[in-house]
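One structure below.
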Amino acid sequence: MSTTTESTNTPGSTTTTQNGTTTENGTSFAPASETLGAVLAPGTRPPRPSALSASLTFGWRAMLKIKHVPEQLFDVTAFPIMMTLMFTYLFGGALAGSPTEYLQFLLPGIMVTSVVMITMYTGVEVNKDIEKGVFDRFRTLPIWRPSTMVGYLLGDAFRYTMAATVILVVGLVLGFRPQGGVAGVLGAIALLVAFSFAFSWIWTMFGLLLRSEKSVMGVSMLVLFPLTFLSNVYVDPQTMPGWLQAFVGVNPISHLVSAARSLMAGSPDTGEITWVLVCGAVSIAVFGALTMRLYNRK
Amino acid sequence: MRDLAVETSGLVKIFGKNRAVDGLDLAVPAGTVYGVLGPNGAGKTTAVKMLATLLRPDGGEARVFGHDVLREPDAVRSRVSLTGQYASVDEEMTGMENLVLLGRLLGHRRAAARDRAMRLLEAFGLTEAAGRQVKTYSGGMRRRLDIAASILNTPDLLFLDEPTTGLDPRSRNQVWDIVRIVVAHGTTVLLTTQYLDEADRLAGRIAVIDHGKVIAEGTPGELKSSVGSGSVHVRLRDAARRPEAERVLARELNTPVQLEADPVALTTRISGQDADAGAERASRALAALAASGIVVDDFSLGQPSLDEVFLALTGAPPGERGPARTDHPATGRNAQEEAA
């Protein structure tokens, strides 16, 4: 086989169809009919992958991206640590007498806030990818159409889990003592990651809809700030004016926080948990459908 | 007609006010290289994207191996591959990872996908670069990886959208060789290009498109003879003799002669069935100039360029009729790409 490789740039290897002059390293390659022909096999195709298999493959792609660009994990490590420390010491003394006291109340909420805020990177990532040709290739594959998007979200679920874990560790170090034990805490994290996965479809939609990364970021902030701050994360809503209490009451983040608190406290509130799960299902149904519509039309 | 790889009739795609593809009729025979030749903004990429199920047509019909692109997109997708104008590989991943990812998505099991990836990397001379991120690859290497990805499952129809634009001559030749080998093994190739030379070397038939329509179609030979087999450029020693030279050339070649900005230069086109006849007539014209005592300093006989093809077919150079167009303005990223 006469394949020539990058380093073996010998005169013998440049007997190519193209005038055989000295070559720049890395281009001394002559397509050979035998080697190339051997890998061409018209008509032989494996069966198309299942929806699950295609989604997991795209999830693997997301993990490879994390491997190649580990810096991107900064926002699931440093950002949550900063959030936890900042709010614990900023409000702790004033609101609960001491930071440790406040942390018992704050930690489930700050965990929800941080993870939900991180979901916006999904939209940014989708938006960055569609600018590239690789997206066209995915869209010409005979695979289950939503698997590309599910793959992003599977990779992101890993990131959410990591952020939640980081916050939990910081909390435990600072004196957070959940009554619900290991099971309660894991249950709360699982619910949070599941909700974030469902909620992220709003970002895949915006990622496909908006023209630039910057506008995706802008819209994300516009949605996320009111959603996370106008909630029961930081203080008990009872001191808020009535109209605000009404908003906080319907804000899905408040319900998620209540559910997570109840799980971590060892007294799961089935009503809140159901609310969160229904909310997640609606989010997938609405924003998932819109995402796929945009994806097919793009 | 079972033996058509692609068949379109009256295909239309509109972006806002721009009719990017405006009633395109194509019939691509299976098992050949078919060239779609046209300038930037002629609608080549838009047409290919519709055929590859990436864009929905706004009118007309398109079938790939008999499957309608709108009604049976998955049947089309399972038989085609697209190598886009801008590398359809993931820059942050390695060459190996790119191919394994696609192998998995095409239904290969893990081990089979790895094995297939390694064999393809070897066949495309990328073994050494397999473990490197694609962003470190040269343009030619990237393009090879891209084509390797496109034939991971050997498609029945391969779309190559301007496969050599931006490549150095060596890489361009490599791509040409690859195309010849791929088509020899039974895959139909639909190639878009801005270069007549490229279409001429590779394609069995060529459709020339402009403003979203086919303006000429045929074998490279037919196309060139319809245009004239080449242009004749003459430079005289004495500018004063130019009017006389113009008359001689017009008489001998029976074609309109164009006076260049340079006061000693003239250009004309020779029509004829093949290049040999053209050369013969050009040399007679040269002899006639000499017989009239006109001194010729420089003389050249060139293949018709794409500009000349357009001039002959439309009466105007590309882009001079109506506003400049881009191939796919909907994505909002074309201005700089087209300019690049």
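In case you wondered, yes, glycine gets a Cβ from its N, Cα and C as well.
Per TrEMBL, the features are as follows:
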| type | residues | note |
| --- | --- | --- |
| COMPBIAS | A:1-27 | compositional bias 'Low complexity' |
| REGION | A:1-29 | region 'Disordered' |
| DOMAIN | A:71-298 | domain 'ABC transmembrane type-2' |
| TRANSMEM | A:73-96 | transmembrane segment |
| TRANSMEM | A:102-124 | transmembrane segment |
| TRANSMEM | A:157-176 | transmembrane segment |
| TRANSMEM | A:182-203 | transmembrane segment |
| TRANSMEM | A:215-235 | transmembrane segment |
| TRANSMEM | A:273-295 | transmembrane segment |
Item to check | In contact by Cβ distance (the transmembrane segment (A:215-235), the transmembrane segment (A:102-124); 3 or more pairs under 8 Å) | outcome: yes
Checklist entry - Same chain, outside the transmembrane segment (A:273-295) by at least 6, Cβ under 8 Å from its Cβ: which residues? => result 139, 145-146, 148-149, 191, 194-195, 197-199, 201-202, 204-205, 208-209, 252, 255-256, 259, 262-263
Checklist entry - Which residues, given as numbers and ranges, are at least 6 beyond the ends of the transmembrane segment (A:182-203) yet have a Cβ under 8 Å from it? => result 108, 111-112, 115-116, 118-124, 126, 149, 152-153, 156-157, 160-161, 164-165, 168, 216, 220, 223, 252, 256, 259-261, 263-266, 268, 273, 276-277, 279-281, 283-284, 286-288, 291
